[in-house]
Amino acid sequence: MKRIAVLTSGGDAPGMNAAVRAVVLKAISEGIEVFGINRGYAGMVEGDIFKLDAKRVENILSRGGTFLQSARYPEFAQLEGQLKGIEQLKKYGIEGVVVIGGDGSYHGAMRLTEHGFPAVGLPGTIDNDIVGTDYTIGFDTAVATATEALDKIQDTAFSHGRTFVVEVMGRNAGDIALWAGIASGADQIIVPEEEYDINEVVRKVKEGYESGEKSHHIIVLAEGVMGAEEFAAKMKEAGDTSDLRATNLGHVIRGGSPTARDRVLASWMGAHAVDLLKEGIGGVAVGIHNEQLVESPILGTAEEGALFSLTEDGKIIVNNPHKARLDFAELNRSLANLK
């Protein structure tokens, strides 16, 4: 393989730049030319492709976001979009692609491989909700950023004796809420993977204050449950009488310089993706399990260890959907000093 390309797709995540850098530098060391594709699959279809060299990536390791930029491009799910993208790849003599992103990005990588262009997926998302890996690129940084913000909210909550509902990202998974909640000493953590009773939430807040055990109260809420304002309103409807505030950390969690762990993880995965493409291997996703790199087929059966399967009507389904660690939810309950 003489020429490969790299793109970032879906939501940005700290560490994506580190992965791109690793792909470029590893490929150059193997005598392979590298091209960057701007704005993910949209840029592929539109031919927004350019040559990358060591100088272009020399100062991106510590930068958040993705210097290749990203975009959601549902049109690539259709055959017409795929063929247009492949036509552009052929113009540049590109023979393989590294795709950094989430589940939707993996689906695109799978389609490219089916059309004869080996593609390797790297898990890039702050939500940590991609199957086939223990941790995703960007998760560690997102947790660190959320924890820092929650520490500051703890300060003001204590100063005024207030209750805070703090919303963090996590549309389908509660990993950020659980990890940042435990790290910041949250009193309650509400995640999509676990049912909750709003009356119990309010009872714990009330009894914490009345017993004198609590002078303030922090509830960390994953966005996949509902928004902080709506949750706070439900608390009031259920009889909460505390001085209640709602806040949303929002996109702040996505930004910022990646942690050392995210940089190392992204670099390790990016270099390995080049090794796979050099061998002509595509249709796989790289992950980490028990601190070792692993590879999983993107499409196949659950028995084969594949991440996704196709139903008889052609619908893509996840074989083993990601679930946040609910033992961490139990851990937090044991530490919150609430009955």
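Even glycines carry a Cβ here, placed using N, Cα and C.
Checking the candidates Arg162, Arg261 against Swiss-Prot: the one annotated together with Thr125, Ile126, Asp127, Met169, Gly170, Arg171, Glu223, Arg245, His251, Val252, Ile253, Arg254 at the substrate site is Arg162. When Gly11, Gly174, Gly181 are compared with the ATP site residues Arg72, Tyr73, Gly102, Asp103, Gly104, Ser105 in Swiss-Prot, the one appearing in that site is Gly11.
Residue density at Ser215 (ADP binding site): 13 other Cβ atoms are found within 10 A of its Cβ, drawing on all protein chains shown. With Arg245 (substrate binding site) as the anchor, the candidate binding-site residues are Gly104, Ser105, His216, and the one with the nearest CA is His216.
Of all the binding-site residues listed (Arg72, Arg171, Lys214, Arg245, Arg254), Arg171 has the fewest other CB atoms within 10 A of its CB.
Contacts of His216 (ADP binding site) defined by a Cβ separation under 8 A and a same-chain sequence distance of 6+ are given as Gln154, Ala157, Phe158, His160, Gly161, Arg162, Thr163, Phe164, in order along the sequence.
Each residue contributes its Cα atom, and for Ser105 (ATP binding site) and Thr125 (substrate binding site) those atoms are 11 Å apart. The number of other CB atoms found within 10 A of the CB of Asp103 (ATP binding site), across every protein chain shown, is 21.
Residues Gly11, Arg72, Tyr73, Gly102, Asp103, Gly104, Ser105 are recorded as binding ATP; their most distant pair of Cα atoms lies 13 Å apart.
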